[in-house]
């Protein structure tokens, strides 16, 4: 099993240059670089009212097929943040953050789009498809900046690097190998189950974590291009990973075993295991203030979790099928309370919530 950590360099539409990094393990996970500059059902067992979600709007039939991917494109000096979604209908769509009105539809893939990522500059974004191609494009014009091939497998997840930025041409810089755990898992019966499904950069850009089909999480030192250690605890595939925006040591994971784990990724320890979903947990994201996480599940719900209580605070039941992605939009900076949360689903819908 190998993880290909890839970096490409490219010119942006405004003439400046930057580097994009991607991670691949039968899965290409793009991660590039910054510039600078429903119905709510509160959990009756919890008394905390310090944070909550409030439904703003749901769009039925947002895509023609299942919606599997979503992320926020950061605001620029000329426009507010946009919601970026990808669907099995082969399209990528952009939505206005205040009312979910459609702002644009992008094409270019010949199979379903399973992952999307936005550059921290808000200028470029990327979409990955079952056609084994990653398309990097200008958010405003839809012009293709680069097309990256990731044979022989599909690209399942991408994320732009949070810190590094540089130059002019896209190129592979290194390949990282994921060693097998010293003690094989009972589910590890063949190599076909060893590919990676999820990837996340730490906020400081120093480490990469990737989640595998066998339930293990591998952590790498990026600068040294070196495997550091495995994080254990899940018994089924790890579908989603996210680091805390306020603490680069804290990593959250979502798994098919219906659990959400909170790890000290540097100390190699499991801090907490949270449960409450009735089925696979397909997505997890951390709130901008670092006080909560949101999860989406195949049980058709979105849940908000209080990290101090380590418990579900609220359940949103807007969707009628499995929820593939949840994503927070910061209101204007790390550590700030407030903002928006979006969720996307197999039922072809998008839901938008206010987080406060």
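Any Cβ shown, glycine's included, is placed from N, Cα and C.
Sequence annotations record features per position, and here TrEMBL assigns repeat 'WD' to 60-96, 106-147, 196-230, 231-273, 274-315.
Remark: secondary structure over the repeat 'WD' (196-230) totals 0 helix, 22 strand, 13 coil, with classes taken from DSSP. Of the candidate ranges 60-96, 231-273, 274-315, 60-96 contributes the most Cβ pairs within a distance under 8 Å of the repeat 'WD' (106-147). Under DSSP, residues within the repeat 'WD' (60-96) fall into helix, strand and coil as 0 helix, 20 strand, 17 coil. The average per-residue pLDDT of the prediction over the repeat 'WD' (60-96) is 94, rounded to a whole number. Residues of the repeat 'WD' (231-273) grouped by DSSP class, helix first, strand second and coil last, total 0 helix, 24 strand, 19 coil. For the repeat 'WD' (274-315), DSSP puts the residue distribution at 0 helix, 24 strand, 18 coil.
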